[in-house]
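Taken from TrEMBL, the feature domain 'BAH' covers 21-137. Look at TrEMBL and you will find 139-190 tagged as domain 'PHD-type'. Positions annotated as region 'Disordered' by TrEMBL: 194-216.
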Amino acid sequence: MAKPKAPRRTLESYSVKHISKTIRAGDCVLMRPSDPSKPSYVARIERIEADARGANVKIHVRWYYRPEESIGGRRQFHGSKEVFLSDHFDVQSADTIEGKCTVHSFKSYTKLDAVGNDDFFCRFEYNSSTGAFNPDRVAVYCKCEMPYNPDDLMVQCEGCSDWFHPACIDMTVEEAKRLDHFFCESCSAEGQKKLQNSHSASRHSDTKVDTKRRRR
């Protein structure tokens with residue numbers, strides 16, 4: 001006769017002693033990979049369980065995939081800290097947790113003053129068996145019609161408000177950083193006329209150019 005499984009209970013929180021952190025359901029964590037040469041796995045804790053004595057703690061997780069772990073692989077517009085929330089659920093020992101991290105929304109990530117080692121962002125959900133993404137379309141920018149990569153510097157046209165990569169408009173990054181005004185090829189004639197008719201006291205006070213700066 002098979003021995004019945006020992007009852008397990010759900011924990012509201014658990015103190016991971018080897019990292020001196022307390023985890024709860026909903027927290028994002030870094031998990032030790034099976035291959036030491038690979039970066040830590042990123043996961044969201046769904047539930048924490050322990051045996052009747054409060055030992056043998058297991059965490060139910062939902063994995064985040066890095067772009068290179070997806071079927072299509074990493075693409076040009078994927079940020080260095082981008083992860084996809086997958087449909088892959090798993091149960092792991094709490095001992096494999098290496099630390100806590102934060103997975104930001106795409107919008108909040110782009111507003112960070114500084115990006116730390118434990119900061120990531122997610123703008124897609126990922127189906128691990130089909131390779132499909134949700135949403136399957138996002139806004140594209142520039143002449144190259146690529147989604148925004150927050151690692152890349154871009155400049156905004158004052159005419160059409162589209163964003164452009166310096167390389168796509170025959171410009172170096174250094175030149176882009178020195179811009180006071182920018183009009184794309186389609187808006188340049190009208191834009192130059194506006195600038196000529198402008199009577200601002202300072203050429204910097206009314207600038208509409210912004211840059212999406214590389215984050216480290």
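Yeah, the Cβs are placed from backbone N, Cα and C, and that goes for glycine too.
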What are the DSSP helix, strand and coil residue counts for the domain 'PHD-type' (139-190)? 12 helix, 6 strand, 34 coil
Could you give me the DSSP helix, strand and coil counts for the domain 'BAH' (21-137)? 11 helix, 55 strand, 51 coil
Taken over the domain 'PHD-type' (139-190), the model's mean pLDDT: 90
